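These come from TrEMBL:
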DOMAIN    3-208  domain 'CAF1B/HIR1 beta-propeller'
REPEAT    12-46  repeat 'WD'
REPEAT    71-103  repeat 'WD'
REPEAT    130-171  repeat 'WD'
REPEAT    172-204  repeat 'WD'
REGION    216-267  region 'Disordered'
COMPBIAS  230-267  compositional bias 'Low complexity'
DOMAIN    234-447  domain 'CAF1B/HIR1 beta-propeller'
REGION    308-329  region 'Disordered'
COMPBIAS  308-321  compositional bias 'Low complexity'
REGION    489-574  region 'Disordered'
COMPBIAS  499-526  compositional bias 'Low complexity'
């Protein structure tokens, strides 16, 4: 094994790739941040018979790794390092409760006191140091515009910082224990925090200028799945279109004429908490929004195995106490929140993890759907890929299939701490507390064919532009929902026809014209491979405060996303 001196043999707590793919940053217990160049070798050199054994070993690796720079300014272990979306800044934070903002310097600084200065190929200088937290900082996430970032600390708070004002502009104090994970919505509507108080908090915000954000109070705290009660579902399908406007039950595709069906479902699932408590031995609960904001996946989840068989074991579950959580058979999972139920409930969860999950990261690329006789888990016209890191393994999933694409385990002697995708999705790197990093290298098109028609990102700039000041204590936001199928029960095993059309001028139309165009496509039973077609403007403006006068909707039990790997198979080194 070729050993790389990542951080002098000490624990590595965070890794991240820059958006341009040129650099990878790592941070660890040696109080430093180091920058590397990690690139996939297009071809492994086979003609190495005349070279020394050390050179043979290096050139046989599927990746080329080179040391670029060492950033030393922290006085304690560094827990998180993240590049800004623009690639201009690098932020690091750790046990010294300080956030340091770095920027690449055009001139080479003095090398006095730096042990590896002679090997450095780049120089990075400190732009600003942010002080405000009273205890260690565990996680950090950037805003889409790269002008704000949010930090999570074990002082039970999360803070939002502005680069232009060089200070904290909001302090979120809704958690009662360590805040161990934060994530920022790429569409510019939400920020999410996760704490060891067994909850995930969702906040809405509005951008009011280059250096100002208007935050709402906590819009939703996900902490418990309530008891599932009996319900009767009536489904009616028409020949041309559907008039159902319920965001939780609309699907993205319309079907031909089918008879009206009535289904009665009676399930009883005891109430239980969704996440591990503070006794979970981990520093991090790194949740993550998908690159286009359609999903939020949260780690450290707990689910009852009875959810998977609640229909069959209905009578047995009724005899159990609703509050007797210790006697329940709980398993580790990660919860998946689609955007249209983000403030309501999770819609699915990944399970069969031997140990608790601690980090989620999404691949930035989208991929074409693979031919399959099974319907897609989420009715999207493309596939997205994400990785779930547990303490001892990494699971790679996509949004089309239920089973993971692969499971990587047996790589480290200590718990995994962080994961990161390269900009082109060819490398998945993850760090460990044993002082080593691992890299999973995928061959070209191994994960799938990249979707050339990218989801439209122009809507990101318009989602936070609608503000109504009808009341000084109330903000009203025009929220956009992504229409996805209701997967309260497993989807029927039948192929879903998908017709792809191109609307290159849809983003140039007025909102009224866009709505009319969307309705025409719906009536024609077409799916458009463009995120703008998945986001439907809602005429009714929704308050950033919870409205208790609205009628309650039926609860939807999350759907289990199964794993095709047995526990015995997962324990074997891959």
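Sequential numbering from 1, following the chain as shown.
Keep in mind that glycine also has a Cβ here, set from the backbone N, Cα and C atoms.
Per-stretch counts of Cβ pairs under 8 Å to the repeat 'WD' (12-46) identify 71-103 as the leading one among 71-103, 130-171, 172-204. Listed as Cβ neighbours of the repeat 'WD' (172-204) (distance under 8 Å, sequence separation of 6 or more from its ends, same chain) are residues 138-145, 149-154, 156-160, 215-223, 273-278, 280, 282-293, 296, 298-300, 342-343, 459-461, 463-464, 475, 477, 479-480, 544. With DSSP classes pooled into helix, strand and coil, the tally for the repeat 'WD' (12-46) is 0 helix, 20 strand, 15 coil. With helix defined as DSSP H, G or I and strand as E or B, the repeat 'WD' (172-204) counts 0 helix, 19 strand, 14 coil.
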